[in-house]
Amino acid sequence: MGCFFSRRRKPPQGGQQREQQREQQGQDGAAGEQKAPQYSWDQRAKIDPKDYTFSGLKNETVGRLPGKVAGQQFVIQDCENCSIYIFDHSATITIDDCVNCQIFLGPVKGSVFFRDCKDCKCIVACQQFRTRDCRKLEVFLCCATQPIIESSTGMKFGCFQYYYPELALQFKDAGLSIFNNTWSNIHDFTPVSGENSWGLLPETAVVQDYVPLPSSEELKAVRISTDATKSIIPITRGRRQKSSDESCLAVFFAGDYTTANARKLIDEMSDKGFQLVQTKEVLMKAEDARRVFQQCASEFIPLLEKGPVVALEFNGDGAVEGCQSTINEVFSGTKVFVSESKASASQDVDNFYNFADMQMGM
């Protein structure tokens, strides 16, 4: 038997260089396997659900400051005798099995859903509001769509009124209009014959008597006002009985100062003793304008392309004359639709709000 020896064959000229290149490529490939690619979503801060949950609390004051929720969803559950404040916008909020709590919820882009709660006092702004199996909830509400209660009793509702400096921007971030508030147009999904499961809070109700300002040092940093005249949401009468058979419709068209002009008219008319019944911000088409504004439509149709209109209904004896004079004095350079007479005003209001309710699917 012999022994066989293997000798490495000397590579031909130029082969050594190619071999070194292959070795280098192999090393680069190994390094690539070790280093995973980086994506933008890998660099985002990790979300801890605990930061967006209040659970099992008792006799505590807790909350989140502006900027701390930033559009995430939030959960509140199993809390008793607590004061809870969410001073930020969020995606959705569910509130389950809470008893005797005071709750403030900043603008919610989607739904707020109360389940199995009782004896709670709340201030809420949202796109959709719903309760199920609740008892004795008192809610100052701003809701863009029709609020729904289901298997709930002793429910009381009032118009949202609240202010802090960051609130207006939070409404925009949540995609909510301050003029779309159907707080008093409640739909009872499970009505009981002969019983009324809901009603309205007294007109004299004071927000702070229901949801006091926060007592913790951290939350005191939020500069809050519950003065109705400073409220981000205009205070409306909703479905309360009107004090007069005379109403007036005023409609502002999209522009740089639409919101400011609407707020200015509300202040001017309130100072004259007229009541704001309802407001609405909605897109209109040419055919909608013809139906609502009738013979005046051609004057306003070119303005519709700029964006949504803001409509206001005022009530009180002399509302039409009062609104016309205010607009002539204060808004002389601004195109505004205003009812021409007491006789036509009622039809103006019906035409516009019937259209707006259909447009918003209500």
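A Cβ is built for glycine as well, from the same backbone N, Cα and C atoms used for every other residue.
What TrEMBL records for this protein:
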type: COMPBIAS; residues: 1-11; note: compositional bias 'Basic residues'
type: REGION; residues: 1-41; note: region 'Disordered'
type: LIPID; residues: Gly2; note: N-myristoyl glycine
type: LIPID; residues: Cys3; note: S-palmitoyl cysteine
type: COMPBIAS; residues: 12-36; note: compositional bias 'Low complexity'
type: DOMAIN; residues: 37-191; note: domain 'C-CAP/cofactor C-like'
type: BINDING; residues: Gly110, Ser111, Gln127, Gln128, Phe129, Arg130; note: GTP binding site
Below 8 Å Cβ to Cβ and six or more residues apart, same chain only. Which residues does that give for Arg130 (GTP binding site)?
Ser111, Val112, Phe113, Phe114, Pro147, Ile148, Ile149, Glu150
Quick check: with Gly110, Ser111, Gln127, Gln128, Phe129, Arg130 left out, which same-chain residues have Cβ atoms within 8 Å of the centroid of the GTP site Cβ atoms?
Thr92, Val108, Val112, Phe113, Cys126, Cys143, Thr145
If you draw a 10 Å sphere around the Cβ of Gln128 (GTP binding site), how many other Cβ atoms fall inside it, taking every protein chain shown into account?
17
Other than its own, how many Cβ atoms are within 10 Å of the Cβ belonging to Phe129 (GTP binding site)?
28
Residues that sit under 8 angstroms from Gln127 (GTP binding site) by C-beta distance, when 6+ apart in the chain:
Val108, Lys109, Gly110, Ser111, Cys143, Ala144, Thr145, Ala174, Gly175, Leu176
